[in-house]
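Worksheet for the structure shown next.
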Amino acid sequence: MINYLKSFFLYEIVRGMALTLKYFFKPKVTINYPYEKSPISPRFKGEHALRRYEHGEERCIACKLCEAICPAQAIVIEADEREDGSRRTTRYDIDMTKCIYCGLCQEACPVDAIVEGPNFEFASLTHTALIYDKERLLQNGDRWEQALASKLHKDYEYR
C-alpha cells in the first residue's frame, strides 16, 4: 500500500528532481579534455624515457636490472663492452603495448637512466609505433630532462 501511495504522488520523480536541483548550482567537476587538462601527480607514470648525463653521454650502464625486473617482459636490452671496459647498450627496446606502467624498471635502475615521464598522450594507430627503440627513448629524455630531473629531486627522499 505504501509503494502504491508513493508512486501515486510521484515520490520517485520528486526525489530525483530534488537531487537534480541540489547539484544543478554546484560547480562542474568535469573538464573539456583536449582543451583543458587536470594537474598531474608528481609520481605519475607515463611515457618512458632514457636520460643522459650533463655532458651528453647516456646514463644506462647496461646492467639489465630493468629487463630482469619487468613483470610484463616488455624490455629487451643488448649490450657490448667498450674499449675502456664499460658496458653500454646497443639495443634498448620497450614494447609499450606490453608495459603495465608499474614503475619497477625505474626503481631498479641504479643510475636513474630509465624513467617514466609526464607524457600520457602517445596513442598510435599501429603496433610498431608503440615499440620504442633506444633513439626514441633518448629523444623523450632530452625533451623532458628538466621535468624529469625536478620530479626525481622531489621524490628523492621517498626512494
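The backbone N, Cα and C atoms fix where each Cβ goes, and this holds for glycine too.
Secondary structure at Cys66 ([4Fe-4S] cluster 1 binding site), taken from DSSP and collapsed to helix, strand or coil, is helix. Over all protein chains present, the Cβ of Cys66 ([4Fe-4S] cluster 1 binding site) has 22 other Cβ atoms lying within 10 Å. Annotated [4Fe-4S] cluster 1 binding site per Swiss-Prot: Cys60, Cys63, Cys66, Cys109, in sequence order, evidence recorded as sequence analysis.
Cβ-based neighbour count (10 Å, all protein chains) for Cys105 ([4Fe-4S] cluster 2 binding site) stands at 24. What Swiss-Prot records for Cys70, Cys99, Cys102, Cys105 is [4Fe-4S] cluster 2 binding site.
Tertiary proximity for the domain '4Fe-4S ferredoxin-type 1' (51-80) is limited to same-chain residues at least six positions away from its ends with a CB under 8 Å from its CB atoms, namely 86-96, 98-100, 102, 104-115, 138, 141-142, 145, 148. Residues or ranges marked as domain '4Fe-4S ferredoxin-type 1' by Swiss-Prot on the basis of sequence analysis: 51-80.
Annotated domain '4Fe-4S ferredoxin-type 2' per Swiss-Prot: 90-119, in sequence order, evidence recorded as sequence analysis. Tertiary proximity for the domain '4Fe-4S ferredoxin-type 2' (90-119) is limited to same-chain residues at least six positions away from its ends with a CB under 8 Å from its CB atoms, namely 40, 44-51, 58-61, 63, 65-66, 68-80, 127, 130-134, 137, 140-141, 144, 147-148, 151-152, 159.
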When distances run from the Cα of Cys99 ([4Fe-4S] cluster 2 binding site) to each of the binding-site residues Cys63, Cys66, Cys109, the nearest one: Cys66
Secondary structure of Cys109 ([4Fe-4S] cluster 1 binding site) (DSSP, helix/strand/coil): coil
Whole-number Å value for how far Cys60 ([4Fe-4S] cluster 1 binding site) lies from Cys70 ([4Fe-4S] cluster 2 binding site) (Cα to Cα): 16
Set of same-chain residues at least 6 away whose C-beta sits under 8 angstroms from Cys109 ([4Fe-4S] cluster 1 binding site): Cys63, Leu65, Cys66, Val115
Cβ-centroid neighbours of [4Fe-4S] cluster 2 site Cys70, Cys99, Cys102, Cys105, 8 Å, sequence order: Cys66, Ile69, Pro71, Ala72, Ala74, Ile75, Ile100, Tyr101, Gly103, Leu104
Three-state secondary structure, Cys99 ([4Fe-4S] cluster 2 binding site) (per DSSP): coil
